[in-house]
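Undergrad: Structure below; questions to follow.
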């Protein structure tokens, strides 16, 4: 008798296992792929989400002609309020766990992102592994509306594009949400965020006809990085400067650079390995900063006629590469250090780690100290491989 | 009667039933000594009473307040000592 | 005469589960909050202190190897004061159990099942805990053995997958704010381990002389796991994020994505739930036994069901919101713990020496037996009794101890009359034993033999 009771008890314990209290069926969910945050004129927030239309996005038998994603948008004094209001127009429960990208409108970024990011970090649905971008001169709303070729869900396309270009094109890096938070909280470092621009126009781009040609008129492109101070955007870096920044941080990955030859033409070098170390040295009342950069590169393309098989050539190219890099980084430093006065490299953290007592004194206005500090660059480039051939193609004169 | 109170009483009933069946039986050491029975029923009554009080929002005061009063100042002092320059 | 036996290795594993219990989830955040990036040093220091405290307990328990903590209290300070203190000890253990159940509910409600009311989670967890304790500490010990390897493996996975993302430079500058925050943090950590609860289990260990080593091993392994978790939290998330996240190690687990799609944060929750379950079960066992001994009730099992209802009540009332919890736990709870974890044992040892000199107190009433008579009696009982294997082991242990310490250190010998052996029921099913409690020798000389009635 009791045995029966016990068995009933045990089996009944299995029932709560399914967590039925908080169940959400898959076809009751609106899965958010992209989230856009903007600032409205009256200082309230506009929240836009890009939601997958599952039937359309994965249509195997030919699409129904609808767009694979839908944008919902609403306003509110807080992000949470706006999200709630959105449920008035969405037929399904909004589910944020699979967010692929977060876009912040430039106006909001300049106003300050601290408040909006709190919602994302506090809510339990959001993870922290999605990249954040800022819509340059634009509203996140419009950026989300654009339909993209190849990848039917634009948010995924943006995320993938960002990750790919991070690997191959030096000016771009993907800043993930938790990195951004860390950058915001850390006292010795200011965050940077990738920018995205729209070429063309949002309204036209939100139509399917946009992606029905071989070269869509309206598309998105990632541009240079934005520089923050505290939690406000204070300026944009050009592509060159962003490149300099990434190189200085050792994130050049497989970026390609051009080096001038003797005769004015160029040789293209592709970076294979790069590592950089930030250094600081206390000198009395001031601190000297330094960047040690080590790069190993391969020759990718020889567009001039220097003899590739000679040692001196290689060494010469290395020196020129170093000079070029130095120039780029110095330009970046000039802009960031002197013009924008924001320590995006993280020198402050370095100083904190090695000279905690000095850091205590300067931490409150570190950016000013940073602006006045001397940064020494030690760059070392080594060319390793030449690709599969040695010398250039020299067409023989056929006389 | 509100549903939760019914539930509490049901659970109490189940508890008594289990106890009776399993521990207060004849083969089990003299049907449970008097002491055991007193303790059991006292605790049960206490449990039911307090749970009902909880659902009716009486007696929400946490017993931890006693602890807080006792150790409060000392805890503050220790924290002050340890957290230098926060 | 103890019925429920815990193997030495089971004790170690229980200790490990116990240490991981709540600490692995909450401690990193607290450590980072007080000690910032030196949290890992504080963690190691705290664990060291816990290890040292084991020697303290050992010194106490060695003199009274067959008594639980409450038993020892009553022997040393006398019956009535002893009962008073035991009641306080019960309150401590009871409160601890309620806390654990509540924290579990909170965690699940925050991270995993946000729409489920906490009570639902608490009730289910509590039902399992009560059932587990009903089956006895031996069963719990065996279960912990079985559930140990998954816990270990999952922890190893955590460390392995996070190695590439860890940045040791996050741990600099070391000792930036001096040793004081580290010491404070270590103090908090130490008190939160509440290892003294194991004093309620000491009599159950099958080889008492190995208890100390087993505990130390458990503390070391648990401590290493805890330190690794904290260190990785600091290295991967950085100081600020570790401070900020209430459940820091859970956030750590969220960062792992194997091959870009496998998410393992649920595993972390499982490890934690398992460890927490054991911590709560042991605490609840301790609380029930403490209450039973205080009230003079022989079968602690009688109390577990109604006590469960009370735990339910307490777990809801114990704090209103998580902020209260975060403010209360390190500061005030740690001081409260200190009373039972350090102060009480130390006082007991001192009083014990003063009062009883070199021989532990509380000889049984039918004393007047000299040392030679006792082995004889033992032999008699061994022959007569329904054999559990206990008796022979008892005798061996007794001999061992007698040899070691030259004391007649047994409190609860089988000094009763065979006539009381009521149950011929020979279901030697140890797993479902109904346990008889051993009350301290000073006020009870009749010990009914173990009834081996299987729980139906």
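Cβ atoms are placed via backbone N, Cα and C, with glycine included.
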Undergrad: Of the ranges C:244-265, C:266-287, which one does TrEMBL list as transmembrane segment?
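TA: So the range that TrEMBL calls transmembrane segment is C:266-287.
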Undergrad: Quick test of your reading of TrEMBL: among C:183-202, C:363-382, where does it put transmembrane segment?
TA: C:183-202
Undergrad: Counting CB pairs under 8 Å, which listed stretch among C:12-33, C:39-60, C:183-202, C:331-351 touches the transmembrane segment (C:146-163) the most?
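TA: Comparing C:12-33, C:39-60, C:183-202, C:331-351 against the transmembrane segment (C:146-163), the winner is C:12-33.
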Undergrad: Is the transmembrane segment (C:299-319) in contact with the transmembrane segment (C:39-60), using three or more Cβ pairs under 8 angstroms as the rule and ignoring pairs under 6 apart in sequence?
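TA: Not in contact, no.
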Undergrad: Restricting to CB pairs under 8 Å, which listed stretch, C:12-33, C:183-202, C:266-287, C:331-351, is in contact most with the transmembrane segment (C:299-319)?
TA: C:266-287
Undergrad: Please tell me whether the transmembrane segment (C:331-351) and the transmembrane segment (C:80-100) touch - that is, whether there are at least 3 C-beta pairs under 8 Å between them, with each pair 6 or more apart in sequence.
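TA: These two stretches do touch.
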Undergrad: Could you tell me whether the transmembrane segment (C:266-287) and the transmembrane segment (C:120-137) are in contact, taking contact to mean 3+ Cβ pairs under 8 Å with a sequence separation of 6 or more?
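TA: In this chain the transmembrane segment (C:120-137) contacts the transmembrane segment (C:266-287) - 3 or more Cβ pairs sit under 8 Å.
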Undergrad: With Cβ-Cβ distances below 8 Å as the criterion, list the same-chain residues six or more beyond the ends of the transmembrane segment (C:80-100) that contact it, or say none.
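TA: Residues 21-22, 69-70, 73-74, 129, 194, 197, 200, 276, 279-280, 283-284, 286-287, 290-291, 293-294, 307, 310-311, 314-315, 318, 333, 336-337, 339-340, 344, 440 contact the transmembrane segment (C:80-100) from elsewhere in the chain.
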Undergrad: Cβ pairs under 8 Å only, please: of the recorded stretches C:183-202, C:214-237, C:266-287, which one is richest in them relative to the transmembrane segment (C:12-33)?
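TA: It is C:214-237, which has the most Cβ pairs under 8 Å.
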Undergrad: State the residues, same chain only, that lie 6 or more residues beyond the ends of the transmembrane segment (C:266-287) and have a CB under 8 A from a CB inside it; answer 'none' if no residue qualifies.
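TA: For the transmembrane segment (C:266-287), the list is 14, 17-18, 20-22, 24-25, 69, 90, 93-94, 96-97, 100-101, 103-104, 107-108, 111-112, 125, 128-130, 132-133, 137, 140, 143-144, 147, 150-151, 154-155, 157-158, 194, 197-198, 200-201, 249-250, 252-253, 304, 307, 311.
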